[in-house]
Amino acid sequence: MAEKINMEEVKTSNGEAHFDEPLGNGLKSHRKTEPEPLVERVKRIVRANLLVILTVAGVIIGVFIGLGVRNVALTRTQIIYVGFPGELLIRLLKMIIIPLVVCSLVSGAASIDPKALGKLGGWAMLFFLVTTLIASAIGVVMAFIIKPGAVTVTKPPSLDEEVPASKEIIDSFLDLIRNIFPSNLVSAAFQSVSIEFEHGGVVPFGTDQDGMNILGLVVFAIVFGVALRKLGEEGEILIKFFNSFNEATMVLVSWIMWYAPFGIMFLVAGKIVEMEDVGSLFASLGKYIACCMIGHAIHGLLVLPGIYFIITRKNPYTFLWGIFTALATAFGTSSSSATLPLMMKCVEEKNGVSKQISRFILPIGATVNMDGAACFQCVAAVFIAQLNEIPLNFIQVITILVTATASSVGAAGIPAGGVLTLAIILEAIGLPTSDISLILAVDWLVDRTCTVLNVEGDAFGAGLLQFFVDKSSKHEEDTELNEIRLDEAAAPEQSPLIEKRGLSDSAEGGATPLSSKTDTAM
């Protein structure tokens, strides 16, 4: 009878016995569960990484399509047709940038305590500054080792007219400050301010140039979010509005993500078809391209993952796999700002970064963190110096490092944004800006790896901040537990039985034990 009762205790409602259930003492029985079938395991892995697999397949197929179509004589219009699905992806991503950046920063700044907000922003800026400085140093070292300018290079004359006009360093930084405070928020969505010179380069005047002033929008959104938090209950309604707007925007991003592999495939194919005379280009500028690529690879595959591993003791390459779709999008679109929506989705869903951190830090990173641009600008500056046989002394090298780190902050998160700030570095060390035409000749390729490195640095920054927040919150919980334990230890131990007995004795004797003892002594 006892055996029958025991068997029924381990049976479930459907009458099947489960011997692998945990026992009452917390241990499991000796019977092991059956291993998951290989087919089911493969299905589960594919289902979990379907978007990444489709993105990788899209890049590979796009390369093959581009190489195949290159052998066919196509008109300019037909080449545009090839890249049209990719153009749609870029337009969709750019469409979502402004509502995403503004709403995410307003809701993020409003949901975080101002002290914690300043602390988070300070740690983020420190990380971005240090990694950008390291990237600049890697670029200078690689340029001196490989010596990309120690070759004969043919300058493409057709690009001379595209060289940006040279400007004083102080004017470039004043432009940066002007853009932090836009005079019109609506125009900041599609225009930024730049100083030009007239009458022989003597009289400066401000002009509006095409390109989103994302820096001004970021600053306004953060300040506006802090102001809403200061309002208290009066600002709750508007905070909820921005939160809802932000969530709806992220739903749109999740839909766009599934179009991304198809769009990236045709972006890559269209760019390969557009390439002209690739052989002669790589023959003359191959060492410069290799120098940039190796520098980006060292920083992106060794330095950033190394920093992440040393601080968190977690596998950085698992983190990278989680953001692979965003990295592929960065390579295809060549724009940090356009990659921002997908990056937010990836770090939140794949890498466990909270919404408050990702939606506050990533828009800032897309604006001020330009590791790839800093590395490429340093390589380009040393390359142009070697090309003109101008030796660089120690002071000039330090000037390159500092100027590249500082000017990369102001580089717009748009294609070829780094080239525009390269003129600042060349002016700082007295090199001719006319040689930027050589950089423009291969910028379509180098700028893509720059963007991948930029967005990778943003993601690692968000991951590290999440680690710091988790660590500090855990420390606070441990402190509270210790305080509770100390309070419990300080409290006198009392037993209900002792108290009850003492009360009964007092009632019978009519006095406390101490008073009874005193009376007896007397």
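Each Cβ is built from the backbone N, Cα and C atoms, and glycine gets one as well.
Heads up, TrEMBL stuff is auto-annotated, nobody curated it.
As written in TrEMBL, here are the features:
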- 50-69: transmembrane segment (TRANSMEM)
- 89-112: transmembrane segment (TRANSMEM)
- 124-146: transmembrane segment (TRANSMEM)
- 211-228: transmembrane segment (TRANSMEM)
- 249-273: transmembrane segment (TRANSMEM)
- 285-311: transmembrane segment (TRANSMEM)
- 318-340: transmembrane segment (TRANSMEM)
- 360-385: transmembrane segment (TRANSMEM)
- 397-426: transmembrane segment (TRANSMEM)
- 485-522: region 'Disordered' (REGION)
- 513-522: compositional bias 'Polar residues' (COMPBIAS)
Listed stretch, out of 50-69, 89-112, 249-273, 285-311, that has the most CB pairs under 8 angstroms to the transmembrane segment (318-340): 89-112
Contact yes or no, the transmembrane segment (285-311) and the transmembrane segment (211-228), 3+ Cβ pairs under 8 Å, gap 6+: no
Selection from 50-69, 89-112, 124-146, 249-273, 360-385, the stretch that has most Cβ pairs under 8 A to the transmembrane segment (211-228): 89-112
Proximity of the transmembrane segment (50-69) to the transmembrane segment (249-273), 3+ C-beta pairs under 8 angstroms: yes
Selection from 89-112, 124-146, 360-385, the stretch that has most Cβ pairs under 8 A to the transmembrane segment (249-273): 89-112
